[in-house]
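Taking it in order: structure first as structure tokens, then the write-up.
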Number of protein chains: 2
Amino acid sequence: MSTENWEGQARKAKDLLQNSIPKQWLVSADKLPPADQKNVEDFPRKSGVLSDREISITEKSATALVAGMAAGMLTAEEVVVAFLKRAVLGHQLLNFATEFMADEAIARARELDAHYRRTGKLVGPLHGVPISVKEHIGLKGRTCNAGFAAWVDEIASEDALLLQYLRKAGAVFHVRTNQPQSLMHLCCDNNLTGPTVNPYNRTLTAGGSSGGEGASMGFKCAPLGVGTDIGGSIRSPAGFCGAYGFRPTTLRNPGVGTKIPCPGQESIRGTLGPLASQSIEDLDLFQRALIDQEPWEIETSLVPIPWKRVAPTRNMTVGIMWDDGCVRPHPPITRALQHAKEKLLAAGINVVDWEPHRHDHGWEIVSTLYFPDAAANQRVVFAASNEPLLPLTEWALNFSRATPLSIPENWALNCQRDSYRDAYHALMRARGVDFILCPVYPGVAAVFGESHYWNYTAVWNILDQPGAVFPSGLVVDPVLDAVDGGYVPRSEVDAREWAKYQPERYVDAPIALQLVGRKYRDEETLAAAGLVAEIVQGRE
Amino acid sequence: MSTENWEGQARKAKDLLQNSIPKQWLVSADKLPPADQKNVEDFPRKSGVLSDREISITEKSATALVAGMAAGMLTAEEVVVAFLKRAVLGHQLLNFATEFMADEAIARARELDAHYRRTGKLVGPLHGVPISVKEHIGLKGRTCNAGFAAWVDEIASEDALLLQYLRKAGAVFHVRTNQPQSLMHLCCDNNLTGPTVNPYNRTLTAGGSSGGEGASMGFKCAPLGVGTDIGGSIRSPAGFCGAYGFRPTTLRNPGVGTKIPCPGQESIRGTLGPLASQSIEDLDLFQRALIDQEPWEIETSLVPIPWKRVAPTRNMTVGIMWDDGCVRPHPPITRALQHAKEKLLAAGINVVDWEPHRHDHGWEIVSTLYFPDAAANQRVVFAASNEPLLPLTEWALNFSRATPLSIPENWALNCQRDSYRDAYHALMRARGVDFILCPVYPGVAAVFGESHYWNYTAVWNILDQPGAVFPSGLVVDPVLDAVDGGYVPRSEVDAREWAKYQPERYVDAPIALQLVGRKYRDEETLAAAGLVAEIVQGRE
């Protein structure tokens, strides 16, 4: 850990990023959309940087890209170049990258193409798929700072284990992506790279903590990305940016080689997982490519459960959770749930209401377990470089109790956690509910800096139930989603969140939904989410 | 927790036990072997209490008993009565029980017989199998004190989850068994029930902490028993008493409803598991009957891995660990390993030497993690009733550091633990070793009060690798197992353990071995242990 002042460290991080950007694809400032243009999602078509073929490539799913390369219709090189061009544009507009790796990515793509020409075969199920990677997931020889200034000089000695598997499966890593200071915002800002904004509305956050991934997916800078999630950090950015994301049950995906402030903290585990720009199917492809390699043979904490092939079935019961009993969702969310309900019923799916079970209790446990040491580890890292805390960092660190827990206090919370998990699971069984369809967040993407309420995602972390996020296909509509002035909030928190809603603050924001399954039913959850997304989006 | 003085509490526990003993099967004191007769293992045949048929029943495996009941050749009632009679004798000689449940067991057996008569079918794979149960595994409405005087008044509100599953599978619980004070001895003594001794030599311990189970199995008071293991507590008593025992990978068997001083402590997990008087096959029967019921649907911490049916194969490599690099095994153990090696080679099994990997490091981690709170939780319970600590309790509590760990210190140990696990697993893969054959303890059953060195078992707890224990078929032989006066110990600990050995101190003690597999390879480990035991015992 460096003790150099944070400003010098930040300069290093900025220089590294700046020097890594492939300059040939930059658009000059006068040709970019004006700074006050909120929605920039369609800029790639207008930029002139990408050919029609490249636009088409970047709008394909990973599954389709691999099929194209298997058929000899696409080369890995042209694929990664197309996504690199789009990523450079995306970075100019959204500030989502921490480092480009263009030369290395193109070289790797050429190797893959040579392999294909030589053998007629792909190297693996992710052959030639460009994948963006959240910065704190280590890449050998590169900085791994997790958004902390004091860690800018920390260099990963190896690729994170998950990336090793993806690479073996054929993935090409072309860009590393931004994360908030401390990793603990559902927003994305830090003192190194600055804020990452939402492609659909640049006054909104791309979400967090995998906010760079959210922007990457929303702007289609890669078909797949890798994020991490301990309270919503994959699902929030996926949802906010109109993309797809999956938080698996913990201990299925490898975590070795990820830089975090509190390694060894196990009471509430984070997990790595995929985001995708195009489909749930791609999330399954990612998981399959990974787990088929039996990562538990290296990281022995993982459960040795093979990735099952599960076909979606309409023979399921979906419980809709309209409200978590604590914070009322904003009108667009409720409309999307209503829309989903109608579509699912029309498709012959059994739909019931889901009464939430003690989500406030879940929040009490999980928020205390985030910082059982009163965030001492984080504060040490900030102090090392004298780095100032951003407001949302303070916000998250204040979830902590004022003083560190004792070990027996931590044990008591572990017991509460396990009882809560068992009770929730029993309730799903008793009610015959296979999946819960629910909001990702009280609203659509938060206005930058306003991501305060975590528990539409965090509760599933403490319950350790897998969850997939997908776009409903709807966007905020000022007419349909008018403010409901008659609502009387239940609490200060409820009032705070409700007061944030005015449709004009969220123009063009996509509305996402989350499908949650039972613990370890990861494959079933993705299969069901794929079907539900198709039905809700009207693609079936 | 009661604050009554410990002596009053101990009186309650003794009265409960005394009142529960079925008096009709007691042998009068003058007909018992003299107190100085060490080996009492053959007393049932001489006692006159059991008929020849009953003797024969109690010498059958659970598998054979179930087959006999399925064929209508045995009734559950006669089976449980036979084992109850033997258990009463065993208790008179070994002091292994904390509570008999004769009436309830016989009533349950009659229900099972009625079910069989009515339907011609068994209720499940453990139909009519008497199972003894370590006391701290809760049974509804009964004390659950874990060997602490202050907890004698604690009454379990439900059967422990594992017992619920065994009961559904047809098991009959007839006797609860003794455990050491604090559960943390590889010996068995407390202030409530007193010492449990070894059926083969009553100057030796029955092992611990599931010492009552060890005696129960060694004396054949039940074909199967349930113990718990966080440092050797199933394997030590099984090994010391000439029986079979299995410590599965953690989070396979349910633990809810087990009374322990530190619930929620997860850095080093204990697990429940079976002991058997007759065979490895019975351990597999137990596991199969349990896990086929999918306990993860209730206790969601468990991994949802079905119990595989694995056939033993000679196509395996067994690494023999002659010494853990810290404490040299006593001559009988080395002789048994040599014997095993010859037998395995003759049977065509690939055998190599296993070089241990940093077992001292493993002990440093595991011993620190046993009491991260500096055993404060335990001391509170002792203080509540002013209960004096037994020497081996002091011994174990002294594994602890002087002051509680901070939570970050605990996290650092978790990381060391995971790295050690990964390294050990990688080494087994690199060396091509499927199973490690090793001692259970530096010697055979310890002289009562001398169980000091844990790490022939505890290292596999910190590594979380499954281990099965079986008798080699050999016993201590004063001629073959003479003291090796030339050995120069490596350390004080090594010297302490080596000095304990003189063959006359261990007359008639059976010599056990332990077969350890890779994490989560529980089924393969049991299958291999079954084959290895057959080969080593010369039964194949």
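One is the number of the first residue shown, and numbering goes on along the chain from there.
Just so you know, glycine gets a Cβ as well, placed from its N, Cα and C.
Sequence annotations record features per position, and here TrEMBL assigns domain 'Amidase' to B:78-526. Confidence over the domain 'Amidase' (B:78-526), given as mean pLDDT on the 0 to 100 scale, stands at 98.
In the three-state DSSP assignment, the secondary structure recorded for B:Lys134 (active site, charge relay system) is strand. For B:Lys134 (among others), the entry in TrEMBL reads active site, charge relay system.
Neighbours of B:Ser209 (substrate binding site), defined as other CB atoms within 10 A of its CB across all chains, total 35. According to its DSSP assignment, B:Ser209 (substrate binding site) is coil. Here TrEMBL flags B:Leu183, B:Ser209, B:Ile230, B:Gly231, B:Gly232, B:Ser233 as substrate binding site.
As annotated by TrEMBL, active site, charge relay system applies to B:Ser209 (among others).
Here TrEMBL flags B:Ser233 as active site, acyl-ester intermediate. Counting every protein chain shown, 35 other Cβ atoms lie within 10 Å of the Cβ of B:Ser233 (substrate binding site).
Between the C-alpha atoms of B:Ser233 (substrate binding site) and B:Lys134 (active site, charge relay system), the distance comes to 11 Å. There are 29 other Cβ atoms within 10 Å of the Cβ belonging to B:Gly231 (substrate binding site). Residues B:Met184, B:His185, B:Leu186, B:Gly208, B:Ser210, B:Thr228, B:Asp229, B:Ile234, B:Ser236, B:Gly270 surround the recorded substrate site, their Cβ atoms falling within 8 Å of the Cβ centroid of B:Leu183, B:Ser209, B:Ile230, B:Gly231, B:Gly232, B:Ser233, which are themselves excluded. Non-local neighbourhood of B:Ile230 (substrate binding site): B:Leu183, B:Ile268, B:Arg269, B:Gly270, B:Thr271, B:Tyr370, B:Asn461, each in the same chain, at least six residues away, with C-beta under 8 Å from its C-beta. B:Leu183 (substrate binding site) counts 28 other C-beta atoms within 10 Å of its own C-beta, drawing on all protein chains shown. In the shown protein chains, 29 other C-beta atoms lie within 10 A of the C-beta of B:Lys134 (active site, charge relay system).
Distance noted between the C-alpha atoms of B:Gly231 (substrate binding site) and B:Lys134 (active site, charge relay system) is 16 Å. Of all Cα pairs drawn from B:Leu183, B:Ser209, B:Ile230, B:Gly231, B:Gly232, B:Ser233, which the record names as binding substrate, the longest spans 11 Å.
Remark: B:Gly232 (substrate binding site) has B:Leu186, B:Val440, B:Tyr441, B:Trp454, B:Tyr456, B:Thr457, B:Ala458, B:Asn461 as non-local neighbours, by Cβ distance under 8 Å and separation of at least 6 in sequence. The CA atom of B:Ser209 (substrate binding site) is located 9 Å away from the CA atom of B:Lys134 (active site, charge relay system). Under the three-state DSSP scheme, B:Leu183 (substrate binding site) falls in the helix class.
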